[in-house]
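Per Swiss-Prot, the features are:
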- GLY37, PRO38, SER39, GLY40, CYS41, GLY42, LYS43, SER44: ATP binding site (BINDING)
- 5-247: domain 'ABC transporter' (DOMAIN)
Amino acid sequence: MAKRLDLKDVNIYYGAFHAVADVSLAVQPRSVTAFIGPSGCGKSTVLRTLNRMHEVIPGARVEGSVLLDGEDIYGPGVDPVGVRKTIGMVFQRPNPFPTMSIRDNVVAGLKLQGVRNKKTLDEVAERSLRGANLWNEVKDRLDKPGGGLSGGQQQRLCIARAIAVQPDVLLMDEPCSALDPISTLAIEDLIATLKLDYTIVIVTHNMQQAARVSDQTAFFNLEATGKPGRLIEIDDTEKIFSNPRQKATEDYISGRFG
């Protein structure tokens, strides 16, 4: 299920603006990679190129290669919708369909694919909610609106929705930034479990979170305002936080800037 991601000489543009320059990195299957860096450095932009989500912005384009187990997701004839099924996304703020039931929130993607068998949908809903560590909290109110859950529960519901379509990769764009510490801990524990089955890439501004949940960390930075963001360093998380190779990395994680 989990697959490897490789970026090779990736440059990202929005119209004439060069947003991110010359990114090359590898993300191993069944691991967590954290993207860190100051605001505006391009880390979320890079994350969104991993499933072509940035293409919803007019004028966006990518040069270079983004490979999923060796297959270029930007290759000729590759369907972006299929890419987004294979590489799921969990956003910064929980975004369940507020009036849709908890069950229907989870299986919304399957219904869009034409799955109508109730037994199948119920089985997927339970499996996905269990996978998101939410089943025991909602099993007696599956027909209640998803918008009635707490913030942390809503984010786990969104994770259940993402894994219901059985992706190979999960992208998480600051999934805990809108949550309280207890809900954040629940999401972090869930990430540790999910990486047994999925390749995970997470963007976070929280240095402690990156250190806790990730196997490797990539640090992005800007040379100056108006210049493209760049990958400064990527390494095992322990090395990034204890003995980074680049001074800019050390300055950022020690709080000297950012």
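From the backbone N, Cα and C atoms, a Cβ is placed for every residue, glycine too.
It should be emphasised that the depicted structure is a prediction, and the values quoted were computed from it without experimental measurement.
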Which listed residue (SER39, SER44) has most other Cβ within 10 Å, given these are binding-site residues: SER44
Mapped onto three states, the DSSP assignment of GLY37 (ATP binding site) reads coil
Cβ-Cβ distance under 8 Å, sequence separation of 6 or more, same chain as GLY42 (ATP binding site); the residues meeting this, in order, are ILE12, ALA19, VAL20, PHE220, LEU222, PRO228, GLY229, ARG230
Can you tell which of GLY37, PRO38, CYS41, LYS43 has the least company, meaning the fewest other C-beta atoms within 10 angstroms of its C-beta, among these binding-site residues? PRO38
Cβ within 8 Å of the ATP site's Cβ centroid: which residues qualify beyond GLY37, PRO38, SER39, GLY40, CYS41, GLY42, LYS43, SER44? THR45, PHE220, ASN221, LEU222, GLY229
For GLY40 (ATP binding site), nearby residues of its own chain (Cβ under 8 Å, 6 or more apart in sequence): LEU222, GLY229
Hey, does DSSP put SER44 (ATP binding site) in a helix, a strand, or just coil? helix
Here the mean pLDDT of the domain 'ABC transporter' (5-247) is 95
